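Dropping a structure here in structure tokens format, bear with me for questions.
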Amino acid sequence: MAHTNESMVSEFVLLGLSNSWELQLFFFAIFSIVYVTSVLGNVLIIVIISFDSHLNSPMYFLLSNLSFIDICQSNFATPKMLVDFFVERKTISFEGCMAQIFVLHSFVGSEMMLLVAMAYDRFIAICKPLHYSTIMNRRLCIIFVSISWAVGILHSVSHLAFTVDLPFCGPNEVDSFFCDLPLVIELACMDTYEMEIMTLTNSGLISLSCFLALIISYTIILISVRRRSSSGSSKALSTLTAHITVVILFFGPCVYFYIWPFSRLSVDKFLSVFYTVCTPLLNPIIYSLRNEDVKAAMWKLRNRHVDSWKN
């Protein structure tokens, strides 16, 4: 089966994380817990925000959409990785590989833009509180979410348009547990220098521009918060700390991969694990542990179910 006349590869072999059976069992146990916790945690955030009227605000609307993206990101490669721990020859079809590339870059691009939207929401709430309800209405939030998905999909399509027609004639081994775009490009039977430059430019522009926008936004917000001395400022600072923590942990590996996407070191594979498996767990942990409103809503939901169960 061939993709084109020149492309003879119908599947790719994923080398995974380790050849050691003991290590694979260890990884399976750890990543299963992380996967289930991240999915359930993000689902819980969406449920809490949907059913608690006190969380009916733009910030939590954006947070629920961020949780939805993280649920999607949790499922693009992790379930297959968990199954592959028990498979000696880990393969993925050509179409499946291209699908992984597409969905990963769609989710990553969307999450970057959504984090920028959340930073803008915090900027308006803290720096222009009297105009917050006027500016941050539901219509603008829906526009932000729509733009984030549009940017993510366009970002992904621009990668896939060039990758899908590359001539793959062997070898077909990808030294990762999923189809990582730079590793797949390097398998093409042609000089991929121009392709690498395009990938670097595309990915670098969106990641660095979003990261710089976030750094500038939160710097302005922190300066504004420091000038005040009130309980409201303390609560704002606590919320900001949660946002900034997510941004740093999300963009740290992201910027690293996008600046040096074709320079692979031994640590890169484990950073890939953190980025694809562990990152979706950040939001439920950080926002639930640091956000008093979310914690209060969780206890309210729990008590409601306990009371209904007793009755």
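Backbone N, Cα and C atoms are what each Cβ position is placed from, and that goes for glycine too.
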Among the residue ranges 60-78, 79-97, I'd like the one that TrEMBL describes as transmembrane segment.
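Transmembrane segment, as annotated by TrEMBL, spans 60-78.
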From the ranges 176-194, 271-289, pick the one that TrEMBL records as transmembrane segment.
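When 176-194, 271-289 are checked in TrEMBL, transmembrane segment belongs to 271-289.
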Short question: which residues 6 or more past the ends of the transmembrane segment (25-48) have a Cβ under 8 Å from it?
17-18, 55, 63-64, 67-68, 70-71, 74-75, 78-79, 81-82, 85-86, 273, 277-278, 280-281, 283-285, 287-288, 294, 297-298, 301
Using a cut-off of under 8 Å between C-beta atoms, tell me which stretch among 60-78, 98-120, 140-162, 271-289 contacts the transmembrane segment (205-225) the most.
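Stretch with maximum Cβ contacts: 98-120.
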Can you tell me which parts of the same chain pack against the transmembrane segment (60-78), counting only residues 6+ beyond its ends and a CB-CB cutoff under 8 A?
31, 35, 38-39, 42-43, 45-46, 49-50, 100, 103-104, 107-108, 110-111, 114-115, 117-118, 121, 138, 141, 144-145, 148, 177-178, 276-277, 279-280, 283-284, 287, 293
